[in-house]
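As written in TrEMBL, here are the features:
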type	residues	note
BINDING	A:Cys640, A:Cys646, A:Cys680, A:Cys684	[4Fe-4S] cluster binding site
BINDING	A:Cys684	siroheme binding site
DOMAIN	A:5-301	domain 'FAD/NAD(P)-binding'
DOMAIN	A:317-384	domain 'NADH-rubredoxin oxidoreductase C-terminal'
DOMAIN	A:421-468	domain 'BFD-like [2Fe-2S]-binding'
DOMAIN	A:483-532	domain 'BFD-like [2Fe-2S]-binding'
DOMAIN	A:557-622	domain 'Nitrite/Sulfite reductase ferredoxin-like'
DOMAIN	A:632-770	domain 'Nitrite/sulphite reductase 4Fe-4S'
Amino acid sequence: MSTRKLVVIGAGMASGRALEHLFEAAPGQWDVTLFNAEPRGNYNRIMLSPVLSGEKSYGEIVIHDDDWYAQHGVTCRFGEKVLSIDADAKLVEGEKGVVPYDKLLIATGSTPFIVPLPGHDLDGVIAYRDLEDTNRMIDAAATPGARVVVIGGGLLGLEAAAGLRLRGMEVTVVHLMGHLMDRQLDESAGFLLRKSLESRGIDIRCGANSKEILGENGKVRALLLDDGTELSCDLLVMAVGIRPNIALAKEAGLATGRGIHVDGQMITSNADILSVGECIEHDGAVFGLVAPLYDQAKVAAQTLLGTHATFVQKQLSTKLKVTGCDLFSAGDFAEGDGREDIVFRDPGRGIYKRLVIEGHRLIGAVMYGDTADSNWFFGLIRDGTDIDDMRETLIFGPAYQGGASADPLSAVAALPPEAEICGCNGICKGTITDAIAGGATDLGAVRAQTKASASCGTCTGLVEQLLQVTLGDAFQMPAAQPICGCCDLSHEDVRRLIKAQELKSQEAVWQELGWKTRNGCHVCRPAVNFYLLADWPLEYRDDPQSRFVNERKHANIQKDGTFSVVPRMWGGITTPAELRAIADAAEKYAVPTVKVTGGQRIDLLGVKGEDLPGIWADLNAAGLVSGHAYSKGLRTVKTCVGTDHCRFGTQDSTGLGVKLEQILWGSWTPHKVKLAVSGCPRNCAEATCKDVGIVCVDSGYQVGVGGAAGMDVKETERLGDAATEQEAIDLTVAFIQLYRENAKYLDRPYKWVAKVGLDWVKARVVDDLDERARLIAAFDLSQSIYRKDPWAEEAKRAPAFQPVADLTLEAAE
Amino acid sequence: MDGKIDTPTDTFIQVAEVWVPKDDVLVYAAGDTNGLGAFEEASRGTRFAKGEGLPGKAWAEARPVVLKGFDGSYFKRTEVAKEAGLSAAVAVPVFDGDTLKAVLVVLCGDDAERIGAIEVWTANRDGLLMLDDGYYGAAEEFAFVSQHTCFPRGQGLPGGVWAADAPILMRDLGSGYKFVRASAAGKAGLTSGIGLPVRVPGGTPYVLTLLSALGTPIARRFEVWAVKRGGKAVLIDGVCEREGALWRDDGDGTRAEAPKAEAWKGPVGQVLGTGLPVVQRGAGGLPAGYGAFVGLPSYGGGAMTHIVAWYI
């Protein structure tokens with residue numbers, strides 16, 4: 001058989017594999033000329049990251065060396081760019097001359113995407129694509145004190161970050177999305193990955209938008225974010241994605257879209273030109289991982305050999321090459337109707353596994369910390385295996401299939417005696433079972449004797465299971481109610497652990513406290529959202545999606561789907577101008593009912609959802625803000641007229657009410673909070689049935705707390721007496737903050753005080769002046785974030801506002 | 001590979017021994033004394049109570065211990081060691097939770113030409129990794145620089161191992177790093193290094209590093225194995241003077257082609273099966289061209305997590 005001429009453009013992994021197949025099947029049949037813009041042959045580009053980190057050498061990742069090319073008679077034209085393809089004449093023109101072909105294989109790969117930020121062309125701004133980029137980073141790392149900013153928290157960006165950190169650089173990763181590797185991981189796995197990378201000293205900035213690259217003398221100096229943050233750097237690495245390199249093919253007249261169009265045989269729109277790798281587009285898809293590239297290479301070789309083969313897109317899996325970050329992701333793990341999640345977490349070992357099932361099949365998997373069974377799960381996804389028979393034990397992997405018990409106790413029973421149960425105190429199973437055998441028959445006794453579960457408490461469930469395993473029916477599981485079915489912990493435990501473990505995000509709570517669901521439910525999410533924002537006002541951002549519908553819509557939804565709108569009237573005081581604005585708004589938006597409320601406000605009932613932004617904007621323009629009549633927060637401070645007008649008034653009750661409301665408004669609390677200030681013991685403002693009620697007397701202010709006038713009716717109890725107005729304010733603010741920091745979500749203050757005891761509250765708010773000052777300072781800090789009008793924020797977004805479809809009802813007020 | 005047996009290179013570590021607890025003392029379980037028969041005989045006849053001698057000290061103090069001179073020390077086999085030309089030793093305890101599985105002791109010679117490093121790093125109160133102790137042979141300048149270097153989590157070989165909580169095998173110690181220690185390593189001829197976490201009761205972090213020079217390498221082949229469920233292990237990294245890179249990875253996350261080991265099969269399988277360090281002299285079961293093997297397991301979460309192996 002005569003030798004045929006094959007020209008290959010691009011010596012990457014895809015074309016290299018194609019040549020291997022070709023030479024193996026038909027040695028000597030092809031006279032190959034191989035162009036490569038890089039001055040070298042085929043190397044394992046995927047493993048550049050370990051070369052960057054020093055965990056591999058370049059020599060180890062060379063796939064084809066000079067000997068290999070010589071052995072197969074390949075004419076190497078490395079370091080020579082191809083200038084053009086003449087598809088009619090079947091010629092390829094390189095910088096050093098023209099080469100004719102019978103068949104042409106285009107494998108031009110991809111080019112890194114450079115975000116066109118101002119300053120992107122400064123010296124020191126690089127992409128991360130090839131050995132030159134890698135060596136440049138290694139050289140930069142050798143400079144003492146050198147800083148690098150990596151834009152992009154995907155696979156490549158994080159590998160670059162970890163490698164540069166290992167080499168001693170100060171590294172910041174800037175990622176536009178809310179969590180790392182957002183295309184491959186869900187939020188929970190992203191949280192664990194972030195935690196691991198931050199523990200290496202890498203500064204991670206998620207949700208960060210780059211605005212400009214700042215330079216000095218033509219060299220990069222810093223990255224400026226759109227929030228004004230300036231991140232100084234000596235090197236800026238952009239790792240935000242790749243684009244198929246299609247310029248040559250396009251100029252040659254081949255059909256292109258996002259990539260070079262190929263059919264199932266890897267043939268382009270020209271029958272003599274094939275294409276493989278990251279430069280192609282097949283059936284609407286482009287490719288960045290190596291597995292499909294190797295499949296394409298095999299098909300291309302067979303097409304060249306005249307054998308029929310067809311490229312089929314398959315499921316892909318992902319691996320991050322950072323030692324110690326063990327993660328796996330495959331398939332589709334987006335939420336969707338008809339999809340079911342199975343979640344397993346082991347906070348002690350930093351393990352998270354989530355399987356997504358649709359119908360009878362596993363369609364996606366995300367894992368962090370333990371990926372030992374990833375091959376097996378990947379096989380189930382790829383093969384579309386019916387998993388119905390192993391659904392109950394699927395998450396535990398292949399070792400648990402084939403009749404193993406689904407009983408979680410069996411896993412605990414199977415643990416060896418030396419297995420560590422309590423990570424905080426290093427207590428192993430044997431120590432606990434010895435204590436149980438010695439008479440410690442409840443959790444408290446085990447804690448006292450062994451210290452197991454005495455610190456962070458996350459192993460409490462395991463210790464209780466050990467009690468069950470050891471004592472059988474003689475052990476009764478404690479009756480403490482968990483928040484919901486998503487976890488084993490009570491509200492109080494969750495609050496305590498959020499503080500003790502400094503958990504500052506929902507993902508941290510789900511993972512570290514062993515949530516059994518992916519991201520909670522309608523019961524636990526609002527509670528956890530509140531606990532987080534109350535404990536970490538600066539670090540945590542309120543999550544509107546974790547709020548009840550009224551709080552999301554900043555209005556009370558009514559039984560007909562309309563809303564009620566209540567503007568704030570400080571202390572129940574208003575003005576003619578405000579009343580006119582309210583009247584105008586009521587007329588303009590055809591409000592059917594205008595009602596004066598028990599809290600001394602005016603309620604506009606029957607506002608249509610689509611009118612909310614407009615009515616808010618009109619009321620804002622008149623100086624009125626949201627009355628938060630819908631919130632788990634401060635509602636109203638009701639006052640009587642006090643010394644200004646009343647013959648019996650002893651103090652300026654109205655003035656105090658206005659001050660209190662202006663201090664407290666906007667704060668989120670476990671449940672709604674209502675205040676009142678009465679100017680004298682005649683108590684016209686009905687202060688003695690409020691959450692906080694102040695009764696003014698000649699000698700000062702009697703501050704009562706824990707009143708109720710709803711489902712339960714209860715008189716306030718005296719927290720303390722204040723001689724001055726400022727002291728009355730201080731006592732009130734400290735009490736509210738103590739309530740915010742400690743109460744169970746949806747416990748009104750009277751329920752909370754009944755649980756902890758008024759003496760406990762007094763000890764902190766009244767007697768301990770340092771603690772009172774701390775509480776006030778903590779409240780002020782929180783209010784620096786939350787004392788703002790949500791209506792104004794929402795009104796700005798008016799065009800995007802959509803009426804809610806979710807008409808979940810809550811008692812209208 | 002052609003299977004040619006290379007001329008044996010003089011290695012940095014001369015002797016390796018495994019001591020296991022039995023009836024409240026440590027007894028000699030296995031060793032490669034590199035032909036130093038008298039030393040082996042002395043070892044076989046010795047027992048160490050907790051706190052006694054070098055292995056007993058590593059057990060009692062639950063930490064790796066470096067001993068750089070035997071005279072006047074607690075080392076029990078001083079005379080016979082000196083006769084064998086051994087002058088320094090490092091004891092590495094292997095704990096599974098609170099339970100001591102074994103102590104690996106390696107001994108080095110006092111040749112003025114011998115370059116290498118065996119180091120133990122631990123965290124100080126500021127959260128930085130400091131040199132606890134180390135033996136460097138003739139690499140004195142590097143020893144000095146190391147004593148004055150600290151690593152934050154995630155930086156350098158020790159900091160990288162600490163952060164990853166996993167063994168790391170570094171190829172090129174001498175260039176492209178911020179640390180002064182890196183250039184000192186380059187000057188000393190230390191080219192590659194392996195680091196592994198040594199987990200002890202109480203959770204104090206210890207990192208053991210073995211740094212290798214071309215002339216007197218720690219070993220000529222290193223392997224890092226990740227232990228999976230069911231008594232199996234997968235090779236996740238490795239380099240060999242003869243075979244080059246040992247790892248297989250196409251980057252698709254599944255590592256289907258990675259070499260695997262099973263309990264009791266081959267030397268790595270012995271580590272898996274016994275759960276103990278394994279020291280072997282003799283080519284049986286070893287890759288072509290090698291005559292000695294040391295496999296060191298590490299445990300975490302109640303199970304073996306990794307095996308670091310080196311071949312001479």
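Note: Cβ is positioned from N, Cα and C throughout, glycine not excepted.
Automatic, uncurated: that is what TrEMBL annotation is.
Feature map: TrEMBL annotations on the structure.
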{"residue": "A:Cys640", "record": "[4Fe-4S] cluster binding site", "CB count, 10 Å": "27"}
{"residue": "A:Cys646", "record": "[4Fe-4S] cluster binding site", "CB count, 10 Å": "16"}
{"residue": "A:Cys680", "record": "[4Fe-4S] cluster binding site", "CB count, 10 Å": "20"}
{"residue": "A:Cys684", "record": "[4Fe-4S] cluster binding site", "CB count, 10 Å": "18"}
Check: same-chain CB within 8 A of [4Fe-4S] cluster site center, minus A:Cys640, A:Cys646, A:Cys680, A:Cys684: A:Val641, A:Gly642, A:Phe648, A:Gly649, A:Ser653, A:Ser678, A:Gly679, A:Arg682, A:Asn683, A:Ala685
The domain 'Nitrite/Sulfite reductase ferredoxin-like' (A:557-622) - residue tally per DSSP class, helix then strand then coil: 29 helix, 15 strand, 22 coil
The domain 'FAD/NAD(P)-binding' (A:5-301) in contact with the domain 'BFD-like [2Fe-2S]-binding' (A:483-532), cutoff 8 A, at least 3 CB pairs, sep 6+: yes
Helix, strand and coil residues within the domain 'BFD-like [2Fe-2S]-binding' (A:421-468) as assigned by DSSP: 26 helix, 4 strand, 18 coil
DSSP-derived helix, strand and coil totals, residue by residue, for the domain 'BFD-like [2Fe-2S]-binding' (A:483-532): 26 helix, 0 strand, 24 coil
